[in-house]
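Here is the structure we will look at.
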Protein chains: 2
Amino acid sequence: MPETAKPRVAVIGLGSMGFGMAMSLRRAGLEVTGCDVSADSVKRFVAEGGKGAATPAEAAKSADIVVSVVVNAAQTETILFGKDGVAETLAKGAVFISSATMDPDVARRLAKQLEETGRHYLDAPISGGAQRAAQGELTILASGSPAAFSKARPALDAMAAKLYELGDDAGQGAAFKMINQLLAGVHIAAASEAIAFAAKQGLDIRKVYEVITASAGNSWMFENRMPHVLDGDYAPRSAVDIFVKDLGIIQDMARSQKFPVPVSAAALQMFLMTSAAGMGRDDDASVARMYAKVTGTRLPGEPK
Amino acid sequence: MPETAKPRVAVIGLGSMGFGMAMSLRRAGLEVTGCDVSADSVKRFVAEGGKGAATPAEAAKSADIVVSVVVNAAQTETILFGKDGVAETLAKGAVFISSATMDPDVARRLAKQLEETGRHYLDAPISGGAQRAAQGELTILASGSPAAFSKARPALDAMAAKLYELGDDAGQGAAFKMINQLLAGVHIAAASEAIAFAAKQGLDIRKVYEVITASAGNSWMFENRMPHVLDGDYAPRSAVDIFVKDLGIIQDMARSQKFPVPVSAAALQMFLMTSAAGMGRDDDASVARMYAKVTGTRLPGEPK
């Protein structure tokens, strides 16, 4: 592209996060082509004034920047190197921004594989919900070569309120994200254990929420997720199975490094138990509901 | 006492918390008598202008309010009903404020036993460190009869920035405090697991601290305790063995109620392992040091 032209961006994955990110990119004046396995999502984006594409290859054909917004490493690899994948058409020198949470070793492998073909790879997991995605106010934990950062910057600026530049190597962003997920997962499980145990004691759990959020036992996740339990509302903002995946990656990483992580191992079992009980696609605060069901403890909105 | 007179207060236990609370009470204009198993602590309080007593019985003799600031139920029971205990001398109608963290059933038993002798009992566990104790800015989780609250109020006002009134029955304050301790203990263990695991990945743990405290993986304990790890400073602000005790109480309560608490059970094992490795009296952030030692991971201030 000429130096003065706005870069063209392809967004692959128009779910609750990707759609908001694509809209933030458009608001910043970039030309954005959206692509999703759901044709309806693409239609919706086109109705908002975006461009649509049928495949990642088609979306990437004229892009300077590709933003991949899918849930895991396998989907990212398919988008890159599968049939009709980005690597078939993306111009040399363009950059691929990967936002999925994954094992740092896998991020390094995907980056190496793409960079050997003359394109850049930015390892850039995201934090913040759908609302912050739509507002262009995500936190992005990024690592990659200076060239990858430089190419990606117009898109990063449009999507992030807070950009952490965590080193030259792909994998660093992923590693920071995994540490965050370890903590976030344990805190959801602990919050669930605590609130259900409090209900079992007969405590008023609204009062528990008030006391804990003002005390040393507070966590970001306790404060953010426990209102779902107070309201008995388990419509998924983020699903149980996301942490089945992410705490699973932690276990894989830790086992391969011979590093014991018993606290997050226990938390993973609680997410697995909740998923096994049929709540895998429900909101991750459903772990509290699982504790309550198992122990015959009454929570708001649950049958006696 | 005449209604217009300032109540006289006895503080039993002049450790880092009790000393600060006694000073806050004095600052509020109350007459305070201090007592401690350490004669030096009493001398120090007298040097600051307070009164000293040799035994709980002596301290309580002319008190309208007794504030007990010890670490557990056994010490509280000794102070109340042991030889030279408060119950030997405390006037009828006076109030005993118990700040130790304990099993709610034990708090109920001690309250019943004291109230049968015509004195009031306020179950009032505290939260906040030595600094907030000295400033009269503790959080107090209190429950007890209206008469107990009424009698205790001048002391509560002098010691607390935030007073939660959690019901008429002793045991409610203790139960809320135990829920807080469940979460606080899990969060310290999770923070320790995460920071040591991050160091194992070769991440810059100061950067990890910066990223996590701005992300969804944050907790009050991560933010408060992990600077001790960054600085390699394990001088005890709060010791490992406090959570060996408090998470132990959680396990006892949960087991007796047939309520599984696997996440806090895993956290307890990590505190036990840290204590077993000789760090029981060190700062509770030493759990991170234990993870690092076991796995051969280098943390700041630790030998290679």
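Yeah, the Cβs are placed from backbone N, Cα and C, and that goes for glycine too.
Record features (TrEMBL):
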DOMAIN    A:8-166  domain '6-phosphogluconate dehydrogenase NADP-binding'
DOMAIN    A:171-291  domain '3-hydroxyisobutyrate dehydrogenase-like NAD-binding'
ACT_SITE  A:K177  active site
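Neighbours of A:K177 (active site), defined as other CB atoms within 10 A of its CB across all chains, total 31.
Within the domain '3-hydroxyisobutyrate dehydrogenase-like NAD-binding' (A:171-291), the DSSP-based counts of helix, strand and coil residues read 90 helix, 3 strand, 28 coil. Per-residue pLDDT, averaged over the domain '6-phosphogluconate dehydrogenase NADP-binding' (A:8-166), rounds to 97.
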